[in-house]
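Here the structure is laid out as structure tokens; the discussion comes afterwards.
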């Protein structure tokens, strides 16, 4: 066993020596400042609606704690979510309230600006991660991708999970590969990995793989398991359980409830399913986009099979589940981009993969950008920048715009109550409106009986019939919000109750999961 362990350590050392050791031209502080400025600008440019969890499972919950009103979805009633992630936004809301900065603009932008700080940390450690494995020239190419621009500054738990994953991978396996591993760095890596699992229990998928690899390389396997992994995991789990006990008012084992619903009972399938190959043929390929050929080439030529294995393991595991979403595999997207960066560095200098390259001095000739590199850069910029800007500024921006409008109207006292006749959770809620007004939306709580349509589905099936029944017992909200397909069917009905169109916002040029929702409309009662 000792001989086998030494062999694996020699392979890691040999592999590290074969990768270029480019001189470091800028400090970590400079890299972080650049990443922070970029991500803050990124957060301001993201003005579209991507996923309900961005608002409903983070800022909405924090808003309820900070200001005393906000909506808790059914997951919080069944103990499937931990309060750990929402509480990150609590100090931000408290500060905004104390300084009287809780205006519509700040309530809309501040949470994403906070997330941009975390995202900048993730960028920094992706850079450092790439530098350890491949060299600084590779690291500089690992930070550009349209989906990271579109998603990383959003207040999704997946975004923070990705940050923690990147930092943990740096302190844990990467530091060992570089030969700089220490007891403290391993501990930091384990703590951050445990925190990632606390925020998203499904993050355990990543850390099972990393843990097995690290166990295989550990000199004392029993010490690694029982004196390092187990104590830290137990401590973090215990602290998050205490936090949830305080917030829920009763003992709740959130990771177990989460895994029961999403894995053991396939509860996530209620929100739609995809074919097993979706991540490989559509989901992850769309995320990595035009980096695909560079990523594949980087995997082949870098020969970093352990991180390639992590990428394959996570995508394969999530492929088993019926319900699939882009954001679920966000934590491994930076790893794929790291391989793409290696490929680009090889194009920049074909000798970058040789062990002698680290001793080569830079020359003016080397600093010139080869034609192939120029073509590759133009190709990536021409494909990723338009995609990033279109998805962030144009596609599905209606829900954000309509809530920003309603928040401004409510700030001026022009809104009394709101009825959302949209698919449930299709817009932000109290966290953006920031006024304690009566609001109602169509319910979509999963039913224990299969085949039973929820309130939202019943409305979408026959809007006129649904509203005719609802009108028998409703209190005439001052404002009604709905998408244009349903608005066209209900126009006469709304007019009969003295509602008129107040504002229409563009939403999308093409459909996503349902009929084209080209615009979202606000109706106001004129009486």
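Using the three backbone atoms N, Cα and C, a Cβ is placed for every residue, glycine included.
Computed from a predicted structure; not experimentally measured.
For reference, TrEMBL has these:
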- 1-22: region 'Disordered' (REGION)
- 83-101: transmembrane segment (TRANSMEM)
- 156-175: transmembrane segment (TRANSMEM)
- 187-210: transmembrane segment (TRANSMEM)
- 222-239: transmembrane segment (TRANSMEM)
- 276-300: transmembrane segment (TRANSMEM)
- 329-352: transmembrane segment (TRANSMEM)
- 373-393: transmembrane segment (TRANSMEM)
Stretch among 156-175, 222-239, 276-300, 373-393 sharing the most Cβ pairs under 8 Å with the transmembrane segment (187-210): 156-175
Proximity verdict for the transmembrane segment (156-175) and the transmembrane segment (373-393), three or more C-beta pairs under 8 Å: no
Top Cβ-contact partner of the transmembrane segment (373-393) among 222-239, 276-300, 329-352 (pairs under 8 Å): 276-300
Cβ contacts under 8 Å made by the transmembrane segment (276-300) with residues that lie 6+ beyond its boundaries: 145-147, 308, 315, 318-320, 324-326, 329-330, 333, 336-344, 346, 376, 379-380, 383-384, 387
